[in-house]
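The active site annotation in Swiss-Prot covers Asp125, Asp143. What Swiss-Prot lists as transmembrane segment is 13-33, 72-92, 104-124, 134-154.
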Amino acid sequence: MKQKYSKKSKKWIYITTIIFILILDISSKRLIIKYIKTYDTKKIFSVLNFFHVHNHGAAFSFLSDQNGWQKWFLSTVSMLTILVMTRIITKLKKQETKKITAYSLIIAGATGNLIDRIFYGFVVDFIDIHINDWHFATFNIADCSIFIGIIILMRINYST
C-alpha cells in the first residue's frame, strides 16, 4: 500500500528538520562559548573532548589562514547553497522524503555555520574526537548535519 504524502508533510519534514538542527547547533555553541574558554578542553569520554576553537575557514580549517576575505566568500557560498537546496526541495516529489531530509540537513548545517560567520566572524567548533594523541579535525553540530545530509544523498544516488 502506498503512503500518501501531502504538500504539508513535505514542508513539515523540511521545516522541522531545519529548526531542530538549528536549535541544537546554536544552543551547543552558546554553551561552549559560555562555559569553555577559547582553546580550553573539557574531557567528555576517553575518545571525546569539547575543545573550544574558532574556525575562520571552512571544513578542516581550509582557508583559515587568509586575511579575512574568506568570511565573505564562505558566507556567500553558504547563502547560495541554502537557496539552491531550498529550490531543489520545492521541485522534489512529496514522496521523496529521504532526499527532502538530506537537503534539509545540509541547509540546516549551512545556516548554522552562516549564523556564526555573520555574528562572530568565525565558526565555533568544539567536538574533538581522538584516539590517544591522534585528533580528528574539530567540528560542530552544523558540520555533522551537512556530513549526514551528504552521506544520505550519496547512498540514494549510488543505490539507484
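Using N, Cα and C of the backbone, Cβ positions are placed for all residues, glycine too.
Straight-line distance linking the Cα atoms of Asp125 (active site) and Asp143 (active site), rounded to a whole number, equals 9 Å.
By the count of Cβ pairs under 8 Å, the stretch nearest in packing to the transmembrane segment (13-33) among 72-92, 104-124, 134-154 is 104-124. Packing around Asp125 (active site) is summarised by its Cβ count: 23 other Cβ atoms lie within 10 angstroms of its Cβ, all protein chains included.
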